[in-house]
Structure formats: C-alpha cells, structure tokens
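Peer 1: The following block contains the structure, expressed as structure tokens.
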Amino acid sequence: MISEVALTVDFAIILLGATLAGFIAKQTGQPTIIAYILAGVVLGPAALGLVGASELTELLSELGLAFLLFLLGIKMRLDDIQHVLSPIVKISLPQMLLVFIAGAGLSLVLGFGLLESFLIGLAVMYSSTAVVIKMLTDKDEATSLHGKIDVGVLLVQDVVVVIILAVLAAGRPESLGEVATTLGVVLVLVALVTVAAVGASQTVLPVVFRRIADNKEVFFLIAISWAFLFVFVSDNINLFLAPLGIEAYLSIEMGAFMAGLAIAQLPYSKELQDRVNPLTDLFVMVFFVSVALDLEASQLLAYWQEAIVAALVLMPVKFLVFFYLLDWQGFDTETTFLGSINMIQVSEFGIIVAAVAFEGGFIDAEVLGFMTLLAIFTMAVSVYFIEFSHPLFERFEPTLSRWTSDGTFEGGKREYRNHAIVIGYDDVTRNALPLLADRYEDVVVVDRSVEHVEALEAEGYDAIYGDFRNATIRKDAAVKKADFALSSSVEPTVNKALLREVGDDATVFVEAERVEDARELYDRGAHCVIMTAHLAGERLADYLRAYLAEDERLESLMDGDVELLASSDPFPDTYEQLGGGLDD
Amino acid sequence: MTELLTAVSIMFIVAGPFLLVANRFDLPTVPLLVLAGIVAGFGLDAFGIDEELTLELAQYGIALLVFAFGVDIDLSAVRTVIVDSEIAALAQVLVVGSLGVAFGVALGVPIEEAAFLGIAAALSSTMVGTALLRTEIATNLVRGRLARSIHFSQDLLAILLLLGLGAGTLAVGPIATLVGYGLALLAVAVLVNRYLFDAIGRLADDSAELMILGAVSLLAVFVGAAEYAGISIAVGAFAAGLAVRHDPVEYLGLFNGLESIKDFFVAIFFLTIGALVVLPFPFLPYVEIGWTESVEKLLLAGGLVLLTVVVKPAITTATLIYRGYEARSATLASLSSDQVSEFALIIAIEALILGLLTQSVFDAIILAAAVTMVVSSLTQRYDERIYRTLADRGVLSANHERIDTLSDVPRELSDHVVIVGYGRHGRKLIEACEEDNQPYVVIENDPVRRETVVAECDAFVFGDAMERYTWEKANVDDARIVVSTVDSDPVSRRLLSFEFDADLTLRANDRTIALELLEAGALYVSQSDLLAGQQLVTQIESVLDGERTPAELRDEQLAELESHSQATS
C-alpha cells in the first residue's frame, strides 16, 4: 500500500535558497548562475549541511541538463550552422589536445601522480555546456556567430566526453584494442542517433507537428514526449545493444540535443522555445545548486591551493588556445575574442569524468574534490568574463587587432526595421494586408495557426508561427522597431503587451470586444480600436432602417457585402473598392 | 540516470501517441493522459520500477493545478455566482452526491469510502467541461454562462472538501481547526498579493527567470505551511495562487512560464494516476487481482459512470428548469457537466495516500473518470441532437403556459419585426424600430436579461427560439422580417428550417457558414469581421496617405467611442 508521501523539504530549501540568492545577485548585478552555485555550497554538506543530494534533486538536475540541451537543439537550424561546421571541427580537436597537455603537465608540476595527472588532463579539456549555453541564452547570443562556434565546439566536446566516459565506465581497459572498439561503437551510435533525428525531421515530424501545432497543450507535451524518447533510448542504449553483445554508453544530453535538433528544422520551433525555456530555467537552477551537494568540506578543500593555482593557469591557457585557433580559422577579431572568452572554464563534465574515475578506483575522493573545486571556481570566474565580454572587447580591441589576422568569415542576419506587424490573420486583417504590403517593405504576420502561416508564406509575406505573448516571438517580429502595428486579437492581454512594447512613433490599430477594453486601450496609446461587434450592430440597424423605409440602395449594398463575403481570395486586392455603408 | 528519470521518460513516451489520438479526434487530453498512464504502468512494471516513485512529482502536479486555478480565479465571478443564487445548483450536488454514497453502500462499500464515490459522482470537471464549451462561453450564450458557473461553484466546493480531507477524519473538532488554518493561509495570501508581490516584481527587475523562481518558491512556502498545519497541500497551493494573482500584462514571462511548468507537472499527475490503477482484468500481465474483486471494481466503476453520465445531467436539467431556464439551455448546460472532476481525482489520490480509500474504490473512481471524460466530449458534440431527441419524445415537455405568462405580445400584431436576442445588436435594432414607429417583438431566453427586456421592450416573447411555439407566440406568420442576432449555427439553421413567410436575416461568425446560410435562403447574413475589415482598410489608408495623423485619428475615434457608449448606456 502507498505510504504517506510528504513533499521533500530538501527541494523546498533548495528552491528558497536559490531564489533568495538569485534575487540578491540580481540586485548586486551578479550573474544568477553564481548565486545558484554558491547557494549549493552554503546549503550543502560543505557548509551548513541543510540538504544533501536526493532522488528528486538528482532527477531535476538531470532534467536540467537534458532540457538545456533540448532547448539548444530547438534553436539550431541546420541551414544556419552548416557554414561553421568545418571550422568547428578544426578548432575543437586541436583545442582539446592542447588543453589536455597543459592540464596534465600542470598537474604533474602540482605534484599529482602520473595516472591522476593523465585523468585530470582528460577532465579539464571541456568547457561548461551549462554555463556557456545558459549565459549565451540569457544574453541572447546563442545564435550569433561566436555563439554558434562555441555551441558547436561544446557539442564536439560532448561527443568526446561520452566516449571517455564509456571507456572509463568499462573499467581498466585490457588493451588499446578494447579502447578502440568502445570508441568505434560510440561514434557509430552518435551517428545513428543523428541520422534518426535528421531523418525524422524530414519525414515523420513535419506531418505530426503540422497536425498538432494548433493545439497549444498537445503541441508542448508531444514535443516533451519526443525529447524523452531520445533521452530514454540514449540512456538505455545498453539494453538495446545487449543482445548484440556490445556494451556502450550515450549521454542523455546528446539524446536531448538531437531530439531538439530534429524539431528545430520545423517552422514551429520558435513557439516551442518559449514553452520549454521556463522548465529549463527551473531545472537548470537545481543542477547548479546540486553541483556542490555531493561532497564533504574536507574532500572539497583537500587540494584548495592547487585548485586555485590550476584555475589561474588554465583559464588564460584556454583563452589563448581558443583565441589562436579561432583566429587561425579566419574569424574577425570580435568573434575570435568573444568566442574564446566564453570558453575559459572547466566543465561540469570534468566533475562527472572525475566522479566516474573515482568510482572506477582510478583516483581518490580528494582528487574528485579538487576537480569539483576547480570547476566551480573557473565557472564562477568565467561567468563574469562572459557577462562583461563586450566591454572587455572594446577595452582591448586596439591591442588585440595588432595580433589577429583580418577576418574573412561572413555571418549574421538581417533584422526588421520600420516595418508593419500584423497579429492574427483573419477576415478582418486579410483586407489590410495588401494595403500594408503596398506601403511597407516588410510586413510580418504573427499567427497561431499553421494553415494561416502556410498561406501567408505562399503569398510572400513573412509569417511567424507563435503566440504573441511569448517574448521570443515578439523579439523575432522586432516589435520595438515597427512603424505600424495591427492586432486582430480581442484579448486585452495581447493588445496591452503590444502597446507596451511598440516604439513611441508607431501607429497602432487594435481590436476590442467591450467598450471598457477599448477605452483602456486608448489610454495605453492605441490610435484606433476596432470594435467588430459594435460596427456590425450599427450596420445591421442601418440596414433594418433602410429595409423598413424600402430604400432602393439596400439591395445593391447587400449584394456588395455578399460578393465580398464570397470572394475566396485570401488576399483580396480589392481594398480600394471597400468602404461603402449608407452614410456615404 | 536515476530510476525516477526512467519512470518519467516511459510515461511521457507512452503519452505521445495518446495525445495524438486526443488531437486527431478532438478529445480532451485529461482522460487520454490517464489512459496513457494505465498503459505506462505496464512499462514501469516491465522495468521493475515502482509506480509510487512518481507520486511525489504527481503531488507537484496537483499543487500546480490548484495553484493555476487560484491564479486564474475571477474573484468577481465568485460574487456573481453567490448573488445570482446559482448556488442553487449546489442542491444538485447534494442530490447526486447522496445517490453516489447510497450506491456505494448498497454494493457493500463502507460509508467512509462511499463518501468519495459520492464526491466523484457529484463534481464535474472544469478542464473538460468548460474547455469543450469554449465557443459558447466566448459568444456569451446562456448555456455557456450557466455551465461555467456550475463548474465554478463545484470547483470552490472541491477546494472546501480538500480542506476537510486533510484531517483524515470527519469529526467536527479538527475540521473547525483546519478551516481556521485554511482561512488564515488565505488571509496571508491576500496580504502577500497586496503588499509583497509587486515588491518581488520590482526586485526581479524584469527577469522572467527570477519571477518564476519567486512564484514557485511562494508555492513551496504555502504548500509547506499547509503541510505543517496538517491541511491538504491543495489548499496551500490555492492560497499561493491567490497570492500570485495579477494582471498578466506586466508579467507575461512569469505567467507563460508558470503555464509551461504547470502543463508539465499536471501531465505527470494524470499519468501517475493512471499508472496507479490496477485494471480489473486478471488475464493481463502484471495484474494481480482476483475475479471477485474485478467484478466488484467493474460494478463500482460502471455504476459511477451511469450516475455521472445519465443521472447527474437529468437532475441538473430539472433543477435549472425549476430555476426558470428554458428546457434547451438547461439541457445543454447540464450535458456539459456529465463527467467526473479532476478535483475528484485529486481528492481520491489524497484519500488513497492518507489510507482513507482502498485500492479498488480508488481504481473505480479513476476508471469512471477516464470513461466519463471521453463520453462527455461525445455528448457535447451531439448535444443538440440529444436535446432534440428528448424533446421530440416528450421527455422534456415544452411548457407553453410558462411562455404565456412570461411573455407580452399585443393581440393584433402584424407587419412587425421579430428580433431574436436582446444583446448589443438587439438593442440597436430596437432603437431603429422605435425611431420608425415600427412594431416589433423581441425573443429572448436568458432569465438574467428578463428584467431589462420587460422594462425596455414594448413586446417580447420569453422562450427558446428553437421552439415552434415561441414563434407562434411572436405571430411570425404576419411578420414582415425576422432578424436574428444570435451567433449560433444550430439556431440559424433551425430558423431556416421553419421556412417563415417573412424575410429572414441571420448572424454568423464564420465566413463559410455565412455563405452556406445565404445559400440556404437567408435574405442577409451579418458577419462582423467583414464590416470591421472594411472600416479598418479605410482608416489605415487615411493614416498612411497622410490624410490624418495617427493622433488625429485617435482623438476622432475616442470621441466616437464616448458618444456611442453614452448612447447605449
């Protein structure tokens, strides 16, 4: 029988502690990641000992990483990253090798044993996916050129981590041949998952998602279900391979990323970003808090001096390695600088590699503590560098450009400016579209229905699928820079959000159902509030008057209305004929 | 990976196809998630994972579900429901509830457990019922409003029941204390909402991430306080919802974010509920159950379904007709309440956890809920047909005397205008008639509008436009024109089918339907969007061509708005 279930106090404490720390960080201008990590250190066994790792926090932090990668995948349109694929591979492999040599050498100098130094070298090669991607997302730079390079390098590192974890998990390898086999199997699996994801994005997914896109809740849950499918398969890959006598390992992060990547190729991915983002924020917070939850203070601090020295050496080394390699690949000075400064920390994967090595009996708990401290310390410091990367670049640009070659790599995309935005495509707005297209270079339509978006795109309009209440959608439509906005939504929330965000000079037309709403919208700056039901009521009363007075004009007016109603053209080019009514 | 992650993964993977089915056949998601949970239960067994593992996550689902109810609650609606004395609809809850208890006792269920059967039978689901009625509510039809207030008052009742449940006993003493705690929690929530929330908003400084964390933390604090005081976490969650209530415009990121988090955990809740069910089919793998127990479970579930799908709507209809609603609106509103509430599921799972409920009664309630939620969407789809069948068989006898007493039509009325519906449009039409000294009759069926109709209209019939007698009463045979302002396809088609001699104009929201109605013989169909589109183009053009500045347009429009609102008020 079911025992009494109380909600874990642990999670509540983590939540409250992190929230409090987060607010303090916000007020003092610090990045929230630092706040979460510190909250973990303070709440965990190293300091207050209020909470330890529990099954729930473990789940949520696992979900945090999985969702972070899923979200990242959703943002990656293959068309956008194709052109950086080759430099990414050319950067990441030498980078890992160089950092490995630096890390292992440094450890030897600091007095670690040969095997320990080798493993530390392996563990410090990667930069932190969680930190870099979270910061890039927060700064809205994930899809900028340097963002794409960093993300690409992180993913290559991810593949390497997976391979190394697989080798370590197999215990002490008996021969080089065994290592090679494991390596081969993992690479094949990664390739298979990629093929499955890309294949699905070409075949099944467009059909399925087109059907469900109009149902907000189902759309979201199916996307989650899809992500879990990949997470589950990646995690249980052993189960599927056991009959073949192969032992292998795939990270759930890799699976989640591929699941997201498959969805990113669909036109509905924007809407999903905003739905997945809040869950990711919540879970990733738990992840950062729990980084420090596993270790006792004595283990964590055994090698604290070594950790600080290592951090102070490794961060500049990482920066220089990245800087040299990016420059070598022909990126401009700014991209090179930003792309490198983002990657100077040691990854949470470093901790995981160390943890697996600890479990395999390769290293002591104190070395794991050293790795943890090194990771926490470099993550914390790097967050500041990422946060202030642009001012830093401006400060150092003159010096830097003396050292770098001229950039030859092109990237970036066009943004809307002085355009017209139409929210909702329906019988009201469809008449206005040709008129707006006539006067504006860009007309962007935001709509929640797949059918409408397809029709609009076929007609040559820029259409964004999504809910206007989502921040990404508003940003995509560049609401702030619009010169004209028209909303056919009668939801006051949507219209108020529009009025809040448009620039002062923009002309805004909105719709309302009730007089009170209309009044409020005028108060908030609307120039014209269309009241559909009122208009119709008045027109009907006019027609009734004409009918009762047996006015001859009535028939032709009604015929005109019917003709307009019957015109099946979704974009009537007849706006010049519109108007009418009995008042003219 | 933890076992828990495997469990959650399995549940969501299984949910995928079920959700596709829901979408394909336009069914509510809740019952399909429960069914997916039942199937996922087998997957969990195959992996040797305990179903109870996700129970903690499910609790968050409950908390967030109730939390969201608290956030969205329309406090003015509480007042209207009480003032409207639709509280009388609660009488129906009592009757159906007692029947449920009696039924359980008759099958040998101890009375303490039978009480939960009563609750399951009596409460209807807002998530299913009103989701299905969206258009009717949006177009402000009588039955939409009725259904919503029925569901709403039942939801409030469910919260009260949950409050009592925390005691684990039905003795008077502890319940009084618990109600005290509950009220204290609600009071704190109101204070937080008034004094703390905006401060949090300011401190978060436009960061949606922090606002979400803040709101979830508030939820955790309230839930924790509820747990500490020994009352149901649902009450704490409800209070937290009240604390976070706010105009969403300023905190769009927060409220969108909370919705995502809610959707995720609520899905886990319904899936877990499904996974906990032991199916009454002993021949299935992993099902350890005897034949007698199976039969008992099936009987209980079957009886509950019957009570919910047949008895409850019947009693609700009777109550509403007694309250003065005409038969059609009453029937259609009642048909939207023919399912077990998601709150009943919360109550059931809490009771199961507290050990107040045995597995087989719990299973019966969950199964009945899943079945009735699916059935409900079917009855909703065919509601007009169900009503017609009942009416034609004379089950719902048309009460002509009642229409006679409520209506006021001059004896020799001819060459008049018949106006259906006394809303905004109806009022404008009557103004037009009165200017012209044109005789008219208004047909209206909403008791709430009755007083205004009596005060403002010269002639009116108080009855359902779908009924022939109403039209006899309005003397349609001698009328000049019939103008319907009701935006409802069934009503429009019914009016066309009467084949009046008089001209007929209708109203439609959808362009294609408007065209169909014209084709079917309407003289004219008023479609609001068409006009709005025309006006819009003229206005936009005038601004873009520089005929008027946006500011001038604004002043002009505002002046017009004020003159209109004065004219109509």
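From the backbone N, Cα and C atoms, a Cβ is placed for every residue, glycine too.
Pulled from TrEMBL, these are the listed features:
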type: DOMAIN; residues: B:13-378; note: domain 'Cation/H+ exchanger transmembrane'
type: DOMAIN; residues: B:417-495; note: domain 'RCK N-terminal'
type: TRANSMEM; residues: B:6-23; note: transmembrane segment
type: TRANSMEM; residues: B:30-49; note: transmembrane segment
type: TRANSMEM; residues: B:55-75; note: transmembrane segment
type: TRANSMEM; residues: B:87-109; note: transmembrane segment
type: TRANSMEM; residues: B:115-135; note: transmembrane segment
type: TRANSMEM; residues: B:156-172; note: transmembrane segment
type: TRANSMEM; residues: B:178-197; note: transmembrane segment
type: TRANSMEM; residues: B:218-244; note: transmembrane segment
type: TRANSMEM; residues: B:264-286; note: transmembrane segment
type: TRANSMEM; residues: B:298-323; note: transmembrane segment
type: TRANSMEM; residues: B:343-375; note: transmembrane segment
Peer 1: Check the transmembrane segment (B:87-109) against each of B:178-197, B:218-244, B:264-286, B:298-323 and return whichever range has the most CB pairs under 8 Å.
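Peer 2: Looking at each of B:178-197, B:218-244, B:264-286, B:298-323 in turn, the most contacts to the transmembrane segment (B:87-109) are made by B:298-323.
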Peer 1: Would you report the average pLDDT that the model assigns to the domain 'RCK N-terminal' (B:417-495)?
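Peer 2: Per the prediction, mean pLDDT sits at 88 for the domain 'RCK N-terminal' (B:417-495).
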Peer 1: For the transmembrane segment (B:218-244), could you work out the same-chain residues 6 or more beyond its ends whose Cβ comes under 8 Å from its Cβ atoms?
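Peer 2: Distant Cβ neighbours of the transmembrane segment (B:218-244) are 59, 62-73, 159, 162-163, 165-167, 178, 181-182, 185-186, 188-190, 192-193, 196-197, 258, 346, 350.
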Peer 1: Under DSSP, the domain 'RCK N-terminal' (B:417-495) has how many residues in helix, strand and coil?
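Peer 2: For that range the per-state counts are 38 helix, 16 strand, 25 coil.
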Peer 1: Quick test of the contact rule: Cβ under 8 Å, at least six residues beyond the ends. What residues does that give for the transmembrane segment (B:55-75)?
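Peer 2: Answer is 4, 8, 126, 155, 159, 162, 189, 219, 223, 233-234, 236-242, 244-245, 255, 258-259, 261-262, 265-270, 272-273, 276, 342, 346, 349-350, 353.
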Peer 1: Take the transmembrane segment (B:264-286) and find every residue of the same chain, 6 or more past its ends, with a Cβ under 8 Å from one of its Cβ atoms.
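Peer 2: For the transmembrane segment (B:264-286), the list is 8, 11-12, 14-15, 30, 33-42, 44-46, 51-52, 54-55, 57-65, 293-295, 297-298, 301, 342, 345, 349, 352, 359-360, 362-363, 366-367, 370.
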Peer 1: Who are the long-range neighbours of the transmembrane segment (B:298-323) in its own chain, taking Cβ under 8 Å and residues 6 or more past its ends?
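Peer 2: Residues 88-89, 91-92, 95-96, 99-100, 103-104, 107, 109, 117, 120-122, 124, 146, 150, 280, 329-331, 333-335, 337-340, 360-361, 363-365, 367-368, 371-372, 375-376, 379, 396, 447.
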Peer 1: Could you tell me what the rest of the chain brings near the transmembrane segment (B:30-49), counting residues at least six beyond its ends with Cβ under 8 Å?
Peer 2: 3, 6-7, 10-11, 14-15, 17-19, 21-22, 125, 127-128, 267, 270-277, 279, 284-286, 342, 366, 369-371, 373-374
